[in-house]
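What TrEMBL records for this protein:
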- 7-145: domain 'Ferritin-like diiron' (DOMAIN)
- 24, 61, 103, 136: Fe cation binding site (BINDING)
């Protein structure tokens, strides 16, 4: 007989983690689009470098949430989030404003997940995501400046 699984995630936390991972990938794609837009030809290589770095960070965050699901033996079912219909990110300020909107949305998703994990007494999940909330707040504050 198989041994019981000890760290089962609640279904609503599993769905919320999948949503967070999906949105992190969505943001990564948006940042990659921004990085390509602000390449060397636009005269804004600092924006290109910043957005490319952010794309990698967000992709890594998504992978870590997916690894967490795997570790918990939970189903991975990523949502399809439509890519922004923006081909011209405008000025650097406009791109940063778009980035801030994306970051605010992921902050909300993380806060909702934290609330859900707390309500379901998912202590492992709360511990796991603590570092992400801290990083997210720093990143959002940086963009606001």
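One is the number of the first residue shown, and numbering goes on along the chain from there.
Backbone N, Cα and C atoms are what each Cβ position is placed from, and that goes for glycine too.
Annotated Fe cation site 24, 61, 103, 136; additional same-chain residues within 8 Å of its Cβ mean position, judged by their own Cβ, are 23, 27, 57, 58, 106, 107, 110, 132, 135, 139. Secondary structure counts, DSSP: the domain 'Ferritin-like diiron' (7-145) has 107 helix, 0 strand, 32 coil. When other Cβ atoms within 10 Å of the Cβ of residue 61 (Fe cation binding site) are tallied across all protein chains shown, the result is 22. With the fewest other Cβ atoms inside 10 Å of its Cβ, the least crowded of the binding-site residues 24, 103 in this structure is 103.
Long-range C-beta contacts of residue 136 (Fe cation binding site), restricted to its own chain and to partners at least six residues apart, with a cutoff below 8 Å, comprise 103, 106, 107, 110.
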